[in-house]
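A.B. asks: As annotated in TrEMBL:
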type: BINDING; residues: CYS56, CYS59, HIS60; note: heme c 1 binding site
type: BINDING; residues: CYS203, CYS206, HIS207; note: heme c 2 binding site
type: BINDING; residues: CYS334, CYS337, HIS338; note: heme c 3 binding site
type: DOMAIN; residues: 42-145; note: domain 'Cytochrome c'
type: DOMAIN; residues: 188-296; note: domain 'Cytochrome c'
type: DOMAIN; residues: 321-407; note: domain 'Cytochrome c'
Amino acid sequence: MKRGLYSVLFAVVVVSVGFGIYAWHPSIAPIKPPAKETFSSELIEKGKVLAAAGYCSTCHTASGGKPLAGNYEIHSEFGTIYSSNITPDPETGIGNWSEDAFARAMRTGVSRDGSHLLPAFPYEHFNKMSDEDIKAVYAYIMSSVEPVHQEKKENGIPFPLNLRFLQAGWKLLFADSSDFEPNLNKSDEWNRGAYLAEGITHCGACHTPRNVLGGEKHDEMYSGAPIDGWIAPSLTSSSTSPLKWRKQDFVEYLSTGNSLYHGSAGGPMAPVVHDGLAALSQDDIQAIATYFADKAGNANDDPTQSPELQKAVDAQKLPDLRIHEGARLYAASCQSCHYSEKKLVKGRPLLTLGSAVHLDEPTNLINVILDGFRADQGIKGVVMPGFRDALSDEDITAVAAYLRETAGEKPWPNLEKHVGEIRRQPRFEQ
Ligand code: HEC
Ligand code: HEC
Ligand code: HEC
């Protein structure tokens, strides 16, 4: 009995010590901020493009704050997280970080002082970057970003989840710490796309579903997930789009914020297109599109010949106004901008083609009806008014239910409850 107890105790001690050794990382000595001349101008320029493509500034700039000075609020289900100041300020930013300290943070999510960082920082993806690319981002930040003195706010994560060393356990269980592995059966273009998508542009951070502890489900890569009050749709062959995503559709969507045969990039996808991917070359966008076209099944059918297209157009014609209130509201509030009898028109998305009406959740459709599209979302410069004040919960429910029905999908359960909940949600800067 006693022997059994000792061996359990012994095992606990061994595991704890083992975990302690695994979890512990040394502090990396501070350095004097490197002089700008240390870096070549090509390296700096490359880093600037990569920093844009990795949306560092989307997450590291607070609303109305100085670029990269941190304290941007992230609302996770575990509590509020504030991003760090990554300007080269030596006291409150990363000015005294050596390149090694920076690379360690980007690859393993460990801060210069040895403490573990939360996976809200997508280091799991940045880990896939080459040494040269990480070096370039470091060169850009150290040489070209204005140092800002601003302390990071304390994260609002409750005890014990706020204990940073516990992150080591999370990493052990869930983090993908493998390097980027090219797939030798695929083309160079495909591999370039995979490298950018899995690494710096971290598409999977939003499009891959997560388990209850927030770990990405690697065997369901890109199959769609909720993110920041939106749904990032599936990018694989499980997509519910009536028309298949082809390579040229991805190219169009990722470079203009809209695909004629699908729809527009709203919510958290808007800055991905306009702040992030916009910095990349057309070749790189083509490469990302090649990679995702493959994930989506390499469709190449001509959409204009598709019966699905004809069905979608017919479904949006002037509705029979006797059907129900939703049909009347669609005719009065949406159709003039969203339907054209002759042909599809860029900037007037046909609603039965977009993912918003085909997803299992009504979230994206309700978000768009409430808040519309700003000029910097979807197609640049094109606006849709929000109907937050013009339509009641009952109205939005009716029009959403009507659109869902015309799209040939099963009704969404508890729709009106969702509308009310989403309306009352605080709106986050996106
Ligand atoms: C999705 C949001 C997000 C994106 C995108 C993002 N970060 Fe962060 N980053 C964070 C958060 C949140 C933290 C702080 C995490 C914590 O408190 O543990 C952080 C922390 C860091 C740290 C650690 C700083 C410190 O003092 O410990 C570095 C370095 C960093 N980010 C660099 C970058 C770079 C470079 C990019 C772009 C290539 C980037 N981040 C993109 C959210 C993000
Ligand atoms: C004044 C014109 C206008 C009206 C009225 C309007 N929209 Fe829009 N809507 C647009 C434009 C323009 C876009 C594309 C915005 C972009 O890409 O920047 C859009 C985009 C959308 C999208 C995203 C497209 C997609 O499928 O991905 C949805 C969903 C949508 N509208 C639903 C509605 C609904 C429902 C109504 C009626 C309650 C409505 N809209 C009324 C102009 C309008
Ligand atoms: C910050 C989270 C986030 C990141 C990062 C992100 N996405 Fe998205 N994505 C979304 C959301 C949310 C939507 C839904 C937007 C909408 O319908 O208005 C979306 C929509 C899309 C769509 C349209 C799908 C459909 O069926 O309507 C495509 C294509 C897409 N994303 C590709 C990508 C690619 C490629 C990357 C990486 C380069 C990427 N996304 C990175 C959140 C993200």
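Heads up, the Cβ atoms here are built off N, Cα and C, so glycines get one too.
Heads up, TrEMBL stuff is auto-annotated, nobody curated it.
Computed from a predicted structure; not experimentally measured.
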A.B. asks: Mind checking which of CYS59, CYS337 has the fewest other CB atoms within 10 A of its CB? They're the binding-site residues.
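C.D. replies: Candidates: the binding-site residues CYS59, CYS337. Fewest Cβ atoms within 10 Å: CYS337.
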A.B. asks: Could you break down the residues of the domain 'Cytochrome c' (188-296) into DSSP helix, strand and coil, giving a count for each?
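C.D. replies: Summed by class, the stretch gives 53 helix, 12 strand, 44 coil.
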A.B. asks: Which residue counts does DSSP give the domain 'Cytochrome c' (42-145) for helix, strand and coil?
C.D. replies: 45 helix, 12 strand, 47 coil
A.B. asks: Just name the most isolated of the binding-site residues HIS60, HIS207, HIS338, going by other Cβ atoms within 10 Å of its Cβ.
C.D. replies: HIS338
A.B. asks: Cβ under 6 Å from ligand 3: which of the binding-site residues CYS59, CYS203, CYS206 qualify?
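C.D. replies: Among the binding-site residues listed, those whose Cβ sits under 6 Å from ligand 3 are CYS203, CYS206.
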A.B. asks: Mean pLDDT across the domain 'Cytochrome c' (188-296), rounded to an integer, is what?
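C.D. replies: Summarising the domain 'Cytochrome c' (188-296) by its mean pLDDT gives 97.
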A.B. asks: Round to a whole number and give the Cα-to-Cα distance in Å for the pair CYS56 (heme c 1 binding site) and CYS206 (heme c 2 binding site).
C.D. replies: 15
A.B. asks: Starting from the Cβ centroid of CYS334, CYS337, HIS338, which together make up the recorded heme c 3 site, report each further residue of the same chain whose Cβ lies within 8 Å of that point, ordered by sequence.
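C.D. replies: Close Cβ neighbours, site residues excluded: TYR330, SER333, GLN335, SER336, TYR339, ARG348, LEU351, MET384.
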A.B. asks: Work through the binding-site residues one by one (CYS203, CYS334, CYS337, HIS338) and name whichever has its CA nearest to the CA of CYS59 (heme c 1 binding site).
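C.D. replies: Answer for the nearest of the binding-site residues: CYS203.
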A.B. asks: Take the C-alpha atoms of HIS60 (heme c 1 binding site) and HIS207 (heme c 2 binding site) and report the distance between them in angstrom, rounded.
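C.D. replies: Taking the Cα atoms only, HIS60 (heme c 1 binding site) lies 21 Å from HIS207 (heme c 2 binding site).
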A.B. asks: May I ask which of the binding-site residues CYS56, CYS59, CYS206, HIS207 have a CB within less than 6 Å of any atom of ligand 1, listed in sequence order?
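C.D. replies: Going through CYS56, CYS59, CYS206, HIS207 in sequence order, those close to ligand 1 turn out to be CYS56, CYS59.
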